[in-house]
Amino acid sequence: MRPILMKGHERPLTFLKYNRDGDLLFSCAKDHTPTVWFADNGERLGTYRGHNGAVWTCDVSRDSMRLITGSADQTVKLWNVQKGTQLYTFNFGSPARSVEFAIGDKLAVITTDPFMELTSAIHVKRIAGDSTEQTEESVLVIKGPQGRINRAVWGPLNRTIISAGEDAVIRIWDSETGKLLKESDKESGHKKTITSLTKAADGSHFLSGSLDKSAKLWDTRTLTLIKTYSTERPVNAVAMSPLLDHVVLGGGQDASAVTTTDHRAGKFEAKFYDKILKEEIGGVKGHFGPINALAFNPDGKSFSSGGEDGYVRLHHFDPDYFNIKI
């Protein structure tokens, strides 16, 4: 499993996202320029120029026609994937931290950071089929809890929004009324900032990663804790294999402490865990700094990691990884 090293970003990676077909990989970084790559061989196809600050997050529509990106420049932009042109810009009064298209791509959930006197917030925007008809107005704005909301995703059938962030509590909101429906239990929940959240392919459960050196698997509807995966480093990124019962955690210590440690001691590897048995089953080394982003290809045959070192590493699994003939 020799990784493909993808050089293109000048600053640390923040987020990785495959399109639904698994042939394109989108990467976001602190260098203002989201990039799209061929997911098979790591060839850089193009960049999306227009942001004016670190780009924290992105999502791509089901048909791979549109990209949505959220940035520290206090905007969220819609792009034409193929041409790289900007279709629309949503303006906010604070940095945009997380974006996700709803099923059907007619809505998007966006989270914004606390800034000056503004609290964190979750915004739901209607996404027009024709970008010339796109408007700025929000369908719903939920005033968030204390601290930053690092991730907000859609629940089953777009009926709920699941959010998580600095206060270590996972919340489920009604996406029509904005009412708070459920909160994760203080006892069984995370103890420190939740950095990442990813849903299973079928949406029935999701995985959260936290600076408390653990990742947790939750039932999407009931918010019941199913499993906890413990590691010896803060977790910055989590991913779940769509094919096998494998969970991948990425992290390392805080960026500010990195310079003082050797790259082996910094524990900058992606760790694989058995989803059911919670045992560590392997690790993939390579990055010279903490892993900030992880993503599995929807076909489950490859995964990519993005690091503080500015590289994206693309790993195609060997057939014996699956113990099946491919």
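Glycine residues also receive a Cβ, built from the backbone N, Cα and C atoms like all the rest.
Where the annotation comes from TrEMBL, it is an automatic prediction and has not been curated.
Look at TrEMBL and you will find 6-47, 48-89, 142-183, 187-228, 284-314 tagged as repeat 'WD'.
Mapped onto DSSP classes, the repeat 'WD' (6-47) shows 0 helix, 22 strand, 20 coil. Long-range contacts of the repeat 'WD' (284-314) within the same chain: residues 1, 3-18, 20-22, 25, 27-29, 31, 37, 39, 42, 201, 236-244, 248-255, 258, 263, 266, 268-270, 272, 326, each at least 6 residues beyond the stretch ends and with a Cβ under 8 Å from a Cβ of the stretch.
Sorting each residue of the repeat 'WD' (187-228) by its DSSP state yields 0 helix, 22 strand, 20 coil. Sorting the repeat 'WD' (142-183) by DSSP state (H, G, I as helix; E, B as strand; all else coil) yields 3 helix, 22 strand, 17 coil.
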